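Record features (TrEMBL):
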type: BINDING; residues: T164, G165, K166, T167, A168, Y364, R376; note: ATP binding site
type: COMPBIAS; residues: 19-31; note: compositional bias 'Polar residues'
type: COMPBIAS; residues: 45-62; note: compositional bias 'Low complexity'
type: DOMAIN; residues: 152-365; note: domain 'AAA+ ATPase'
type: DOMAIN; residues: 459-541; note: domain 'Cdc6 C-terminal'
type: REGION; residues: 1-78; note: region 'Disordered'
Amino acid sequence: MSEPPADPPSGAKTAAEPSDTSVGSTGTDPTTVDGGHRAAGEPSADGTNADADTDAGGADADPGVIPDPSPEGSDESLGEIDLDLDEVVLDDEGGDPDEASRGLFDDLLSGEPIFENKEVLRPSYTPHRLPHREEQINNMATILVTALRGDTPSNILIYGKTGTGKTASAKFVSEELESTSRKYEVPCEVEYINCEVTDTQYRVLAQLANKFIEKNEEVVADRLDELGDLAERIGSGSGADGPVADTEFADREALEERIAELEVDQESFEPVPMTGWPTDRVYSAFFDAVDYHERVVVIMLDEIDKLVEKSGDDTLYNLSRMNSELENSRISIMGISNDLKFTDFLDPRVKSSLGEEEIVFPPYDATQLRDILQQRADVAFKPDSLTEDVIPLCAAFAAQEHGDARRALDLLRTAGELAERDRTEMVNEGHVRQAQEKIELDRVVEVVRTLPTQSKLVLYATTLLEKNGVHNINTGEVFNIYKRLCQEIDADVLTQRRVTDLISELDMLGIVNAVVVSKGRYGRTKEISLSVPIEETEAVLLSDSRIGEVEDTQPLVQTRFDN
Ligand SMILES: Nc1ncnc2c1ncn2[C@@H]1O[C@H](COP(=O)(O)OP(=O)(O)OP(=O)(O)O)[C@@H](O)[C@H]1O
């Protein structure tokens, strides 16, 4: 690609991405400071004492020991000052305020790092080689090569579960396409949009319009430079056999006219604001910007299902019928989706136009994941820092999941970070298992944190029952506690039927386990149990400001058999 995409790549999923389980962030993970640094009183790597550090820092930072400038400053107070200063001088760690914090990072830095280049394990890194995706990459290239011949490539839909290399492969192919187009000077551009972030028709069109306007501005500026130079070179001569003879211009006037035209164009380029215009106007700004000069444009819509889910198929409809109206340029759409069924919701015309070509990315098996991990590990880690079983175990865990390379890479990176925290020189099987637990817990925390309030209340009711030793919890019991929780915090009370649905949703998310059991002549009921660690779940629920309002839960649970 000639320019990095303005959107973060889907792999990056940016800061909010649940799968980024970095354990190195001391800011959010209090255990890093304790676990990674040292316990109070324990000697540090440089032989100093954690307590001494703190005391010295405290005395030093304490404004109380600064001499009192008041005129009544007595001998007594001077004596006190002397004493304090003496203490400070005696403690050679405390003299310089910069020295007060010594230790925290020194300690962490003192160990031999295990990583050579951790970045290559991050989702934002696009590898230059993608093992086990040769077939899909070749298929994409075969379709897109048309663009290099100046024709419109078929639209492509790429399907596959998360972490199967769809985005990485599509980006790889588009980079190749753009670099080849530069080599042969065929105008061809790829624009990447992450529809999870840019999820409305307005925003997609505005973002595309602005990208093309920016490119047009560059093209016009370059052209003006060229023509300006030409004008200077030919001086004031004119006429067909004058100095303009071997240029595209008949005479100097024609050249000047062209320069004036380009200057008008330059003035007319107006970026689209991210809100506020009518959609028609945004569409026509986009249309004009794309059609400004001849080119083939491939629009890559990553997570296209999110766009359809959020704002229907209007955008796709408009994009897919543009070619019949464009005069200079042609566009082709490359949609990427995790959801195999999203086309069911599309208008049949959009569906058939978008799915001209379909490419499926199957999940990786454990052996393929091993190859992918090995290739990254060779660059990411120092030589010999992984025990033999680390990569196979990461691969096996991720293959069990659903053949997700992102998960495998996360596991390997987290295992490495845990090993670094342990100050060991090698990453071993134990670190991988710990990493697996940590990632799983992070996932649970993220899922629970983002539940709607009503589901949180249902889940909180279940945790309260379980915490109070209730076994084989049934829907009625959950409902009773739920109702009381709602009353406590003034929330709407849903019907028991709806609460049963919410329990089923929690079951699908893997947060509770709800099994239907037959109670003979009393009919059937659901028995519910938590499938996630109770303490952490409760903590996340209580961090919700509304649920945090419930003060004393004990009486709520005691009255569970009321009603
Ligand atoms: N064949 C491969 N070789 C090397 N790395 C790979 C391969 N497949 C996937 N990866 C890596 O796995 C991670 C996830 O890949 P990618 O983002 O392409 O998946 P995706 O299918 O687009 O997932 P999602 O649908 O969740 O966006 C990235 O870090 C990517 O570099």
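Each residue's number is its place along the chain shown, starting with 1.
Note: Cβ is positioned from N, Cα and C throughout, glycine not excepted.
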Tell me, if you would, which residue among T164, K166, T167, Y364, R376 (binding-site residues) has the fewest other CB atoms within 10 Å in the structure shown?
R376
Please list residues from the chain of G165 (ATP binding site) whose Cβ is under 8 angstroms from its Cβ, counting only those at least six apart in sequence.
L130, H132, R133, Q136, F361, Y364, A405
Restricting to the domain 'AAA+ ATPase' (152-365), report the mean pLDDT as a whole number.
89
Tell me the coarse DSSP state (helix, strand, coil) of Y364 (ATP binding site).
coil
In the domain 'Cdc6 C-terminal' (459-541), how many residues does DSSP put in helix, strand and coil?
48 helix, 16 strand, 19 coil
C-beta crowding around A168 (ATP binding site), within 10 angstroms:
22
What span in Å does the ATP site cover, taken as the longest CA to CA distance among T164, G165, K166, T167, A168, Y364, R376?
18
